[in-house]
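Okay, structure first, notes after.
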Amino acid sequence: MAWTPLLLLLLSHCTGSLSQPVLTQPTSLSASPGASARFTCTLRSGINVGTYRIYWYQQKPGSLPRYLLRYKSDSDKQQGSGVPSRFSGSKDASTNAGLLLISGLQSEDEADYYCAIWYSSTS
């Protein structure tokens with residue numbers, strides 16, 4: 001089987017109600033099957049990643065977005081129905097970013113990935 005890189009695309013940015021970029025994501029990421037991928041969703045200055053739930057979605061051409069997971073902390077997270085455990089969430093406080101980690105990449109993971117945030121005052 002020939003080596004084929006996976007191209008995983010990300011939404012370049014999301015806008016908030018004030019029409020200022022709130023979240024930024026790299027435009028694309030390429031990785032090999034079997035490798036791991038790490039997607040970042042960086043919140044703008046003044047928005048603390050620690051107080052937000054980060055939601056991740058996957059969208060393939062011609063399909064609706066699929067909910068993958070929600071992550072705020074190790075004690076406040078949720079995996080989407082039927083989503084394999086090789087998809088996981090995390091945060092990097094030093095860069096004020098939410099992370100989507102995919103281990104053991106498969107060809108079926110080639111898709112667009114989107115993040116969204118929701119404020120949560122609960123611990």
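Glycine residues also receive a Cβ, built from the backbone N, Cα and C atoms like all the rest.
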From 12-19, 116-123, the residue range that Swiss-Prot assigns the feature region 'Complementarity-determining-3': 116-123
PLDDT averaged over the residues of the region 'Framework-3' (78-115): 96
